[in-house]
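Accompanying notes for the structure given below.
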Amino acid sequence: MAKPQNATLSAEVSDFILNCFVRSPGWQFWLSLPLSILCVLAMGANATLLTTIWLEASLHQPMYYLLSLLSLLDIVLCLTVIPKVLAIFWFDLRSISFSACFFQMFIMNCFLAMESCTFMVMAYDRYIAICHPLRYPSIITDQFVSKAAIFILTRSVLLVVPIPILSARLNYCTRNIIENCICANMSVSRLSCDDVTINRVYQFAGGWTLLGSDLILIFLSYTLILRAVLRLKAEGAVVKALSTCGSHFILILFFSTILLVFVLTHAVKKKVPPDVPVLLNVLHHVIPAALNPIVYGVRTQEIKQGIQRLLKKVWY
């Protein structure tokens with residue numbers, strides 16, 4: 001694999017080796033079963049949710065269109081990461097081509113950014129529904145959802161695409177073993193014999209610009225929602241409002257908590273076993289994908305009834 005220092009990138013490295021949990025080989029066996037179950041659960045639950053929203057005319061509303069977008073993002077994220085991780089665990093297929101690695105890097109970063117932005121738009125949707133209910137039908141329309149989807153896609157692609165480009169332009173001299181289960185940006189970039197300061201700075205700045213701004217706006221939306229709910233005098237109205245927002249808030253909290261724990265473990269990586277951030281990175285791509293449709297299916301009456309009608313049609 002070793003080539004002259006001035007060789008081109010493609011001549012130096014044609015593939016990478018994903019060195020997954022080598023310090024804790026026992027983890028591979030014990031993780032493969034729950035990961036495969038979570039992956040199947042995520043695919044089945046999101047497919048059921050998408051089918052229900054598509055077939056049920058009563059669910060053809062902006063809020064459910066946003067939920068459909070979230071399900072699509074979850075499916076893509078899960079399929080981008082988990083099958084390769086399971087292939088490593090079960091068949092020791094650790095090799096990944098140069099192009100496939102950087103494509104995976106782009107998809108992971110882009111779709112995580114899109115998911116974060118989707119949560120932000122959904123928080124805005126709930127803010128308008130609770131704080132300005134009379135204006136909700138005129139503000140949150142099908143056209144609004146279309147524009148929001150275009151904004152989510154455009155913002156994420158434009159800000160994320162430099163990440164794999166900056167990593168791909170580096171020279172990888174002799175090392176091609178990635179100490180990770182996936183092609184995470186810095187796990188790949190640190191193999192280069194070039195200076196990766198720009199990569200680190202952009203990853204940090206871009207990540208906090210995208211996710212940080214979304215979390216601030218989400219927190220602001222729910223602060224205003226909580227203030228408006230507490231002003232409601234009717235007890236039933238308070239319970240209904242909190243129930244309506246509960247599903248969104250639970251999923252946003254879980255998404256941001258795992259992400260925050262992952263960032264913190266990287267920040268104090270000298271005090272944390274190296275395999276822990278790798279595990280959190282993998283789980284962050286499958287657990288939210290499995291939980292999102294289940295939480296909505298359980299807590300949203302309209303979706304629960306739609307799924308029940310769908311199952312009746314299937315079985316009868």
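Cβ coordinates are placed from backbone N, Cα and C, and glycine is handled just like the others.
TrEMBL does not curate its annotations; it predicts them automatically.
Taken verbatim from TrEMBL:
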TRANSMEM  33-55  transmembrane segment
DOMAIN    45-296  domain 'G-protein coupled receptors family 1 profile'
TRANSMEM  67-91  transmembrane segment
TRANSMEM  103-124  transmembrane segment
TRANSMEM  144-166  transmembrane segment
TRANSMEM  208-230  transmembrane segment
TRANSMEM  242-264  transmembrane segment
TRANSMEM  276-298  transmembrane segment
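Tertiary neighbourhood of the transmembrane segment (276-298): same-chain residues 20-21, 27, 31, 35, 38-39, 41-42, 45-46, 48-49, 67, 70-71, 74-75, 77-78, 80-82, 85, 108, 115, 179-182, 184, 247, 250-251, 254-255, 258-259, 261-262, 265-266, 269, 304, 307, selected by CB-CB distance under 8 Å and a gap of 6+ residues from either end. Taken together, the residues of the domain 'G-protein coupled receptors family 1 profile' (45-296) have an average pLDDT of 88.
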